[in-house]
């Protein structure tokens, strides 16, 4: 079976695959794959491990560490840090891989594992397949662990060390992405940390660049991560921006790789709006922008008006990255807030993306609401249909017929997207149209039909 979804391995803690026993085996087989692929047989491979603020992260961290050590791999422990920090520090420490323990924007009871290669990019499909194949073998042989996980001579085991200055290293990296000729003096910024991995570093970066920072949802307790806060629940940020009369608001998700923003009037600026500002008014001229199938048609039309090419990748930041590299471009992202600025960082980074927007505001002396003028969002309705188990809607003729009929109705003035979640039993129904009422009715009707058919 395949253990990897669209963004690593994820599930509810205590249920396969997110159990201590499975995670131990995952660390072990990943260590074996790293050893097999090592270009330097004279040294032990090494990995860095970071996590978000979920309580279950401590258990998973220990199991992963033990698995890697048993395979003969050294481990550098980073503690709670945003996902892009782990990607950066993987390169900084010349490690063979980076490991993130997080379920991103999911609730606290979920957790997951995602990997970076030594260059700070998501693992290749080939590497994931190699890990998956070894997992299949070891999971199929219940009770044979002694044979499948041979004990190494103690001299060959991996060792661990904790990196005490990991936060400081990442903070300096983020600050280095901000143009030296500007600062954030006289700017009031509300930062919603989602009680997640960015709770400490995000406010510090802004403060050290001179901003008056009002941090909210920055006191994690292990179970309040993403709880009615962060990029998936921006209502609190919008209220805080208005309450404190702030210049701008920034919301991260639980692992710090997604961002949405709020302008001074309390209006939400999602990933599409951020891409528009950076593409049309940013510090670096761009030839083209990569969005996804979920990107609003309004972004495509606004970029076309500015003579900037636009193309769509499959949903997922790894596919945005692939399309950027194929085109030789540097800017891409998703409406959900994964923003890739490849001239600043090799992975999606909420803090770095926000700094680029703040730099544009300072350079042009404009409010965020002024910068987003010219970008008109087409009415869009997204409905998530939660199912009892993973099912494919395209295997049911009556659903396919309903989808085809809706697409014919929207032809030339809108879009329909039906997408299965890669991490949970959910179907996403997205309708765009020049008619807001039609959007709402069509999306809900199709969602009801999916729910009635698939349960």
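Cβ coordinates are placed from backbone N, Cα and C, and glycine is handled just like the others.
Secondary structure from DSSP puts residue 104 (active site, phosphoserine intermediate) in coil. Among the features that Swiss-Prot reports, active site, phosphoserine intermediate is placed at 104, with the record citing sequence analysis.
The Mg(2+) binding site annotation in Swiss-Prot covers 104, 253, 255, 257. Annotation for residue 257 (Mg(2+) binding site): same-chain Cβ neighbours under 8 Å, separated by at least 6 residues, are 82, 83, 84, 104, 317, 338, 347, 348, 349, 350.
According to Swiss-Prot, the feature phosphoserine maps to 104.
One way to see the shell of the Mg(2+) site is to take the Cβ centroid of 104, 253, 255, 257; the remaining same-chain residues with a Cβ within 8 Å of it are 52, 82, 83, 102, 105, 196, 197, 252, 254, 256, 258, 350.
Residue 255 (Mg(2+) binding site): 35 other CB atoms within 10 A of its CB, across all protein chains.
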